[in-house]
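Colleague: I'd like to ask some things about the structure below.
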Amino acid sequence: MKVNTLPLAAITGQEAVKLALTLAAVDPGLKGVAIAGRRGTGKTVLARGLRHLLPPIDQLEGCPCHCNPAEPHSWCNRCRERFTEESGLSDSEVPVVQRNAPFSEVPLGATEDRLLGAIDVEQSLAGGVRAWQPGLLGEANRGVLYIDQLNLLDDGLVNSLFDAMSGTCRLEREGISVQYPSNFVLIGTYDPDEGGLRGHLADRIAMHVSSGVIVDLEQRLEIMRRQELFSEAPEDFFDLYNDEQEQTLRRIEKARTVLPQVTISEAQTLYLIGQSLKRGVPGHRADLFSVRLAKAHAAWQGRTAVEPIDLAVAVEFVIKPRQTVDLPDEEEQMQPPPPPPPPPPPPEPDKPDDPETPPDEAPKDEQTLQLPEEFFFDAEEVPMEDELLSLQNKVQRQARGGAHGKQKSLERGRYARALLPPPGKNSRVAVDATLRAAAPYQRQRRESGQYGDRQVIVTNSDIRAKQFVRKSGALIIFVVDASGSMAFNRMSSAKGAVSVLLNEAYVNRDKVALIIFRGQQAETLVPPTRSVELAKKRFDQVPVGGGSPLAGAIAQAIEVGVNSIGSDVGQVIITLITDGRGNVPMDPQAGPKNREQLNEEILALSRLVPENGFSMLVIDTANKFTSTGFAKKIADAAFAQYYYLPKMTAASLAETVKSGVHALRK
């Protein structure tokens with residue numbers, strides 16, 4: 001036996017993940033396990049370790065979809081054609097073989113054809129008929145489908161995967177119409193730092209667990225020792241754990257036999273439902289999964305009745321990962337309420353003026369108020385209230401559910417699918433799809449005698465072009481007013497909000513740039529980058545004060561956007577945070593301008609934003625007593641989204657910009 005994966009029994013620690021994988025093998029109806037963890041925490045090794053713990057299956061002989069002989073209603077088209085009543089075979093005569101349960105892996109760059117299936121070119125060329133071959137979804141039927149970096153899977157493939165998890169996959173393309181079973185256990189691994197799972201997919205997976213970092217020195221040493229032994233002699237190392245693996249496999253087979261007999265009381269079911277309601281879990285799927293998991297755990301333990309420990313496992317693996325409401329700890333619930341706060345101290349009586357005021361010190365109301373020319377404000381902390389976090393998570397889920405971050409192209413990127421060549425455009429030939437399109441017509445074309453002795457006859461109507469997909473995030477250009485007037489409009493809030501937004505951009509794989517304007521000119525403080533720490537560090541050092549070169553800032557933002565568009569930037573979003581009181585012309589050396597001339601210059605530059613294909617968001621921070629309403633005119637000229645935040649806080653600004661940027665995404 002060729003061994004290329006560690007046995008699950010040899011993996012040190014990660015007991016929760018190993019238990020979840022085992023329970024998925026006990027009850028495939030749980031649909032799968034999602035394993036979250038940072039790089040190097042053993043997610044892939046754990047997932048692949050399940051391969052050797054899957055009990056063998058009986059299947060129809062010669063079926064690539066591993067059709068179940070006991071379920072004729074679910075057979076694929078090929079098996080229905082071979083083993084129907086017309087074939088003359090009775091149920092007892094249908095050829096059945098025993099095979100290892102399949103374990104299929106979906107590479108991140110898989111195409112739709114590889115996932116769903118397509119025309120079998122070899123058989124079609126030989127027979128001159130449209131024959132099909134199943135994709136990875138069909139090959140994984142009654143086994144495991146493993147996807148690494150599940151959160152980064154192409155949106156089109158995710159939608160196909162979502163449909164297939166219903167148990168049946170239908171293929172309608174290239175003149176063929178087939179249906180085949182797709183009952184598999186989905187094991188997905190991902191790094192949460194690179195984004196979470198799409199909501200509709202995560203909801204279909206019963207168990208969500210984490211592979212944590214092992215900090216125990218002895219365990220880490222043991223991990224190194226075992227890995228070295230496995231690298232030197234994989235087969236010998238596997239034999240060391242063969243007995244333990246066999247015991248686990250026999251135990252899983254026994255648990256599958258016991259599972260139909262396991263019962264759960266109504267009170268226990270109500271407890272699980274109550275936990276879902278308490279924790280704000282939406283929908284009913286968590287209730288169904290938690291009951292199934294409690295039964296599976298009881299069967300794994302060899303029992304026919306659910307006990308409290310089974311309920312606890314169900315809550316931990318199914319309900320807690322889906323919760324949207326934080327519950328206080330039991331200890332906190334048992335504590336008496338805190339005592340009322342002490343009354344405020346009485347106000348101090350007005351103190352009489354100090355009779356011994358030095359003669360050279362003038363009274364305060366007669367002193368001239370001296371203001372520094374520059375101010376430094378720390379970034380304000382951003383308290384994220386529950387409602388704010390809920391909205392933030394909703395926006396993130398919506399963003400992940402669409403086609404954000406992807407650009408389709410005929411020239412470069414990852415080959416995703418084939419299509420008819422667009423007229424008038426150069427494209428690359430998709431040889432695989434072209435041959436599949438031509439295959440069914442080979443016999444007919446040879447018999448026509450028009451093509452001589454050619455073995456493979458391809459015509460223009462068969463040609464298919466490659467469509468590529470590449471990552472293409474947005475460039476979010478923060479243009480922040482650091483003039484003197486902003487000092488009194490909560491510059492600290494702006495800094496706090498931008499810090500949050502920089503983190504948001506990092507999660508979405510966007511680039512950020514930071515332009516501040518004060519004094520006589522605008523300055524690109526941070527050119528387009530994905531380095532959040534660099535942007536934060538430089539922004540925290542920005543002083544506030546001086547004039548407001550608003551025109552120069554808009555011009556500089558447009559220039560940065562024009563220079564960045566293309567490559568891995570597919571969209572430019574300019575976020576302007578200002579009170580709209582620009583007072584420095586585009587070219588200060590050209591001489592002073594009156595207010596009307598300044599405003600017209602700013603509006604003319606604002607009109608260039610949509611002309612360059614950019615989007616814009618204007619946050620008006622002007623005090624309602626001093627506002628001129630000019631920021632709204634800027635937004636109108638740029639066809640921008642406009643928000644007025646006179647009582648700006650870091651939290652409100654951050655959420656406003658996040659919502660606005662999400663709405664502007666293409």
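A Cβ is built for glycine as well, from the same backbone N, Cα and C atoms used for every other residue.
From a predicted model like this one, the values you see are computed outputs, not experimental measurements.
Feature table excerpt (Swiss-Prot):
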type	residues	note
BINDING	G37, R38, R39, G40, T41, G42, K43, T44	ATP binding site
COMPBIAS	335-347	compositional bias 'Pro residues'
DOMAIN	475-661	domain 'VWFA'
REGION	327-367	region 'Disordered'
Colleague: Apart from G37, R38, R39, G40, T41, G42, K43, T44, which residues in this chain have a Cβ no more than 8 Å from the mean position of the Cβ atoms of those residues at the ATP site?
Modeller: T189, D191, S211
Colleague: Most Cβ neighbours within 10 Å: which of the binding-site residues R38, R39, K43 is it?
Modeller: K43
Colleague: List every residue in the same chain as T41 (ATP binding site), at least 6 positions away in sequence, whose Cβ is under 8 Å from its Cβ.
Modeller: S211, G212, V213, I214
Colleague: What number of additional C-beta atoms lies within 10 angstroms of the C-beta atom of G37 (ATP binding site)?
Modeller: 22
Colleague: Check the DSSP secondary structure of K43 (ATP binding site), expressed as helix, strand or coil.
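Modeller: K43 (ATP binding site) sits in a helix per DSSP.
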Colleague: Long-range same-chain neighbours of G42 (ATP binding site), Cβ under 8 Å, sequence gap at least 6?
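Modeller: Within the chain, G42 (ATP binding site) has Cβ neighbours under 8 Å at I11, Q14, S211.
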Colleague: Only counting partners 6 or more residues apart, tell me which same-chain residues put their Cβ under 8 Å from the Cβ of T44 (ATP binding site).
Modeller: D148, T189
